[in-house]
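Participant: Sharing a structure, written as C-alpha cells. Questions coming.
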C-alpha cells in the first residue's frame with residue numbers, strides 16, 4: 001500500500017530543488033518553512049508531518065511526533081476578500097459555476113429525500129399522538145436552524161470545498177491529520193448514495209407495476225448510480241441543470257401535497273377523503289393528544305428521525321469552491337433553503353394528518369404518503385405517486401454524488417489519499433471524475449453486500465450516525481474557539497464574516513450529544529430497532545470506522561516513517577493543466593543520524 005501522495009525520497013541537501021513533472025513549490029528559506037496557497041498562512045515547523053525517529057542503537061534521537069497539520073488561516077471579515085471569498089481558495093474562475101439558485105437546490109436535493117415521506121408515520125407510531133408528533137417536528141426545525149447557523153459561520157470563515165474536512169482540520173490541529181483521516185474513513189465508507197438509490201429502485205418498480213425483488217431493486221439502483229456518476233463526471237453543466245430541475249420539482253410536489261391537505265382540512269369539495277376510507281379527526285382537541293407516550297427513548301428517537309429528514313442542510317458547504325461569491329451565496333442559500341424546507345415539512349405533516357386517520361397510520365404497513373394519495377384520489381393514484389417519489393429520490397442521488405465526489409477531491413488535494421494526484425484533478429472533463437468514481441464503487445459495492453431484512457435500515461442509520469458524530473466534533477470545536485479569547489489561545493484567529501450567537505452553538509452541541517447517545521438507549525418492549533441486529537449495532541460500527549481512520553493515520557504518519565527512517569514534509573504542487581487544481585504532496589525526508 002502506498003503512502004498517501006508521497007513523492008520520491010529526497011536527501012536534505014536536495015530538498016529545496018524542484019523535481020520533474022508537476023511543479024513542486026519550494027517557497028522556503030529553511031527546510032520546514034513555506035508560504036501556503038491562498039487560504040493558508042505562513043507555516044513553520046508545523047507545515048509538515050514531522051516524525052523524528054531513532055536511527056539505531058546509540059542514536060541521540062528519540063521516537064516522538066513533533067508536527068501538527070497545516071490548518072488553513074480563516075478568512076477575516078475585515079480583509080479584502082471578506083465580502084465575497086472567491087480568492088480564498090485558488091480555484092480558476094471557470095470552475096465557479098454555481099449561483100444562488102443552484103446552491104439552494106444543492107440543499108433542497110440533499111435534504112428532501114425519502115425522509116419526509118416515511119418519517120411522519122414512524123414518529124407517530126413512536127410518540128403515540130398527533131400533537132406530540134408535530135412538536136417533535138418543531139424541535140427538529142429549531143435544531144436544523146441552529147445547525148445551519150453554525151455551518152454558515154464555518155463556511156464563511158473557511159470558504160472552500162470540503163466542508164467538515166476543512167473545519168475539523170482547523171479546529172483539531174494536533175495530532176497532524178488525525179481528524180482528516182477519520183473524516184476520510186467516514187466519507188469513503190459510510191457516506192454513500194446506496195440507500196437513496198435502493199429507494200429509487202423500489203419506487204420505479206412500483207410505478208412500472210413490477211413486483212420488487214432484491215435482485216431487480218439492485219439492478220435499477222445500480223443503473224441509477226451509473227447514470228448519475230456518468231453525467232456528473234463528464235458534463236458538469238448538464239449535471240447541475242438536472243439537479244436544479246429535480247430540486248424545483250421536489251418543492252412543487254411537496255407544496256402540492258400541502259395545498260391538497262389544507263383544502264381537505266377546510267372541507268373544500270373535491271379534496272375530501274373518499275368514501276370507504278376512515279375520516280380523520282386528528283385535529284380535534286380531544287384526539288390531538290390521545291395516546292401520548294411518556295417515554296424519553298421515544299422522544300429522543302423521534303427527534304433522531306426528524307433530523308434524519310433534515311440531513312444535508314450544510315450541503316452547499318461541500319462545494320464552496322464552485323460557488324460564485326461564496327460568502328454571500330452561502331448565507332442566502334442556507335437561510336432560504338432551510339427556511340423553505342422547514343415550512344414545507346410542517347405543512348406536509350399537517351396535510352398528512354388532515355387526510356389520513358391516526359388508526360389507519362398505526363395499523364397499516366404502507367408509508368403515510370401512500371395512504372394520503374389513496375384517501376384523496378383512489379388506489380390508481382398510488383402508481384403515479386411512486387413515480388413522483390422516485391423523481392424526488394433521484395434528486396437526492398444527484399446531490400449526494402455531486403458533493404461526495406468533491407469531498408474525495410478535497411481529500412486528494414490535501415495529499416491524504418493514495419494516488420492523490422488523480423483524485424485531486426478535474427481531468428479529463430473538468431469534473432472530479434476520479435472522486436465521483438470512488439464514491440460510485442463504494443455505493444455499488446454496498447448494494448451487493450447489503451443483507452436482506454435489516455440491511456437497508458442499518459445503512460441509513462450508519463450514515464446518519466456518522467454525520468451526527470462529525471457534527472458533534474465540529475460544533476464542540478467551534479464552541480471551544482468561541483469561548484476562548486485571542487489572549488488566552490492564540491492558535492485560532494477566528495473572525496469570520498458571519499457569527500452565530502453562542503447560545504445557538506451551544507444548543508447545537510447539546511442536540512448532537514443527544515443524537516450520539518440515543519442509539520445506546522434500549523428500545524421499549526415491542527418496538528425493536530432491528531429484527532435481527534442489536535439496537536446499538538450501527539453506532540458501534542460507526543466508532544469502528546473511526547478506528548479505521550485512526551489506524552490509517554498511524555500507519556502513514558507514525559509507523560511507516562519510523563520504520564523507514566524519514567519524516568514527511570508537505571509541499572505545494574502547482575497545477576500544469578487547465579483541469580488540475582493546486583494541491584499538496586508529501587515528500588520523504590531521510591532522518592540523519594546525530595553522530596558524536
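Yeah, the Cβs are placed from backbone N, Cα and C, and that goes for glycine too.
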Participant: With TrEMBL as the source, which of 455-481, 563-589 is set down as transmembrane segment?
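Facilitator: It is 455-481 that TrEMBL describes as transmembrane segment.
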Participant: To which of the residue ranges 482-501, 502-521 does TrEMBL assign the term transmembrane segment?
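Facilitator: Per TrEMBL, the stretch marked transmembrane segment is 502-521.
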Participant: So which of 251-274, 294-313, 334-357, 384-408, 502-521 has the most C-beta pairs under 8 Å when paired with the transmembrane segment (98-118)?
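Facilitator: That would be 384-408.
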Participant: Return yes if the transmembrane segment (455-481) and the transmembrane segment (294-313) have at least 3 CB pairs under 8 Å (sequence gap of 6 or more), otherwise no.
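Facilitator: They are in contact.
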Participant: Any residues 6+ beyond the ends of the transmembrane segment (502-521) with a Cβ under 8 Å from its own?
Facilitator: 142-143, 146-147, 149-150, 296-297, 300-301, 303-304, 307, 461, 465, 468-469, 471-472, 475-476, 478-479, 482-483, 529, 535-536, 538-539
Participant: Under an 8 Å Cβ to Cβ limit, what residues of the same chain, 6 or more beyond the ends of the transmembrane segment (251-274), are close to it?
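Facilitator: Long-range Cβ neighbours of the transmembrane segment (251-274): 108, 112, 116, 280, 283, 340, 344, 347-348, 350-352, 354-355, 369, 372, 375-378, 388, 392.
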